[in-house]
């Protein structure tokens, strides 16, 4: 996927440069010969985590371990499937970058003046986006190591505390190593054999790093796509408000200089609004399946997390909470930005209505009416066309997760 047109923008106006560098590093964009990097990374994560856990099972008969293992499988499976679903959508991503680049050029008039409201707004948003992406990247970099440390410390304490007969110092149980995730690993005794345990720990740590990198690509890219859609509607609204500063044209004289100037600017704003709607439609096509999967998976994941937390207070709780916070940030981010996108899209119609449109010619009023009609449509991103993502849906997901938790807790208490 070539990005020459997008990268011809000034550095401060370029669209999600950090995410594109991450995608280029793993081979999702750039020269086609690098795609093998993504295949290797995806295959390694599947080989170490998804395949043994889904085929060989959890490796424990304890209910708490089964709940924790299934919750982890939901989280990882959702992550890998969502990233894989983005691969056939890469041409749409390329088109989206092209459309956004054209909007940025039109909004700034090709001039890069800090006094220009559109230019300063784009620079400000790009700065905030870059800070968020780098923060999330650092968080995910530490995630795999933090995920493994509690299991390693607990296992070493048990190992060095055993007696000669293979039991702990209190003689209560045989040596059993703790795993970062509950799973089997191709019939190796990873819970009882010292060498197999460390082999699995090294392999799983590398697989967790792959998962973290996939999470960076998935979460930051999808969130920023929604944020850029909101930004372009704000740019359109700014350009509409600038029309109000122009003198009205003569209603009966279309040869008036002011009328021609305003007509040209209005047509440019209408074109920007049309491209903003196209960008929203492209984002919707790219992310509607991953968002739907995220909302469905998080209901079950949060439900099982609450069950686990209510019955276990130990080192495994730390690992569960790492995944919980990642899921919470992602789901809330989609919901918050989805609401922001819908509000900014409607604000375009309000900006047009606030213009002194009654002073302009009938031809200009037709353009105003067109933008108002377009802004009255439900604009936003959906979860596989089932519903428009917003804050109210996030609240319903939380309530639904808690309801399922109460039902599941009641069933487990009766067993």
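Residue numbering: from 1, along the chain as shown.
The backbone N, Cα and C atoms fix where each Cβ goes, glycine too.
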Segment assigned the feature transmembrane segment in TrEMBL (from 38-59, 60-81): 38-59
Leading stretch by Cβ pairs under 8 Å, where the reference is the transmembrane segment (136-157) and the options are 38-59, 291-311, 317-337: 317-337
Taking a Cβ cut-off under 8 Å, which residues six or more beyond the ends of the transmembrane segment (317-337) line up next to it in the same chain? 68, 71-72, 75, 143, 146-147, 150-151, 180-181, 215, 219, 222-223, 226-227, 230, 291, 294-295, 297-298, 301-302, 305, 308-309, 381, 389-391, 393-394, 397
